[in-house]
Amino acid sequence: MAAEREPPPLGEARPADFEELEDGEDLFTSTVSTLESSPSSPEPASLPAEDLSTNSNGPKPAGIMLDDDREDLFAEATEEVSLDSPERDPILSPEPTPAITPVTPTTLVAPRMESKSVTAPVIFDRSREEIEEEANGDLFDIEINVSDPEKVGDGMNAYMAYRVTTKTSLSMFHKNEFSVKRRFSDFLGLHSKLATKYMHIGYIVPPAPEKSIVGMTKVKVGKEDSSSTEFVEKRRAALERYLQRTVKHPTLLQDPDLRQFLESSEWFEEKQQQFENLDQQLRKLHASVEALVCHRKELSANTAAFAKSAAMLGNSEDHTALSRALSQLAEVEEKIDQLHQEQAFADFYVFSELLGDYIRLIAAVKGVFDHRMKCWQKWQDAQVTLQKKREAEAKLQLANKPDKLQQAKDEIKEWETKVQQGEKDFEQISKTIRKEVGRFEACIILSK
């Protein structure tokens, strides 16, 4: 160990020629001063006796001390060649001193220990908070916007339709982003269903916006002024806040009625809205055609009465030319009467009845869509019941009741079968409706 701590010889670091060393005198002077200042170091045996006696005496004059120091300095310089001698080794060996040894490990080790003890709990706390935030974020990762208010229909039969857009990453939904068109009455119906299911068992169901008969009447019959626009915008914002509060509730979010309200097949939604609008327009057209038929029949009857009156007047007229003119007018009016009757007959049996048939067909199409929604509702109800049965089984297992556990398992299997059958029925009816709607639209195009 002493050999490892010993520094390299001076001859390896720099040349030993004293003529090339500019600070050689200072180097040897420090060596001598070190030897003189350290009381514990042994004195070299090669020092002359007169130097020892001289140093042991009291203080000397300045000039004498300089001369003696110079002589001692050069004497040491002449003996520097013997630095590698055994007498000099103890002097040059870098033995650790008490002042140096504790400083180095303190400055290197202490900060490392302190940094580890401080940073370790911080990293743990951050990771735990991030995990909790991610878990909470996944629980309610859903965003709902209500936009694009649109007026559908005219007059008092008009209503406002709103586009409900949902963005989510929850696995309970089939897509990450989807949108549907909903009326204000649909929002009220959703609130009514949720309130009926959950309020009597203690759940707080967010209230839906209240109706405003005055504001909606202005929108229906009035023009697009500032008050109507402001009313529609306020209602849109209120509906958006209502849905956002509703989906923040973990129990209400899993309700099948809410999921049905938010998520619907775009194709089925568009077709259902299309047939709804077509039904309304055809009913209006049918009513107008029926009014036209009645008007033509009334016009035919009045024309027949006028022709009869003109014929009677021509028969009673004494003037021959006037009598002949009235008779010809009566004949023309009779022909007009006949045309009105034929037109009224055609309008009624051809146009009006055909419109009535299409109205009834569209009602049947709407009924098929309604039946599809009932199948979906039945499937969702079966899923909810299955979830309740599984929760009941878990409670029985915790309560350690093996006598009722087998019955609970049998009920779970039964409801699993019902859920699978409900899903199968829903997929089958959806597939069939797509085919039937395509065939119906093709028949309408061909009939035109």
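Cβ atoms here come from the backbone N, Cα and C positions, even for glycine.
Note that the structure is predicted; figures quoted are calculated from it, not measured.
What TrEMBL lists as coiled coil is 398-432. Distant neighbours of the coiled coil (398-432): 265, 268, 371-372, 375-376, 378-379, 382-383, 385-386, 389-390, 392; these residues of the same chain sit at least 6 beyond its ends, with a Cβ under 8 Å from one of its Cβ atoms.
Annotation source TrEMBL lists compositional bias 'Low complexity' at 27-50.
Per TrEMBL, the feature domain 'PX' maps to 140-269. Residue counts for the domain 'PX' (140-269) by DSSP state, with H, G and I taken as helix and E and B as strand, are 67 helix, 28 strand, 35 coil.
Taken from TrEMBL, the feature region 'Disordered' applies to 1-104.
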Across the domain 'PX' (140-269), what does the mean pLDDT come to, as a whole number?
84
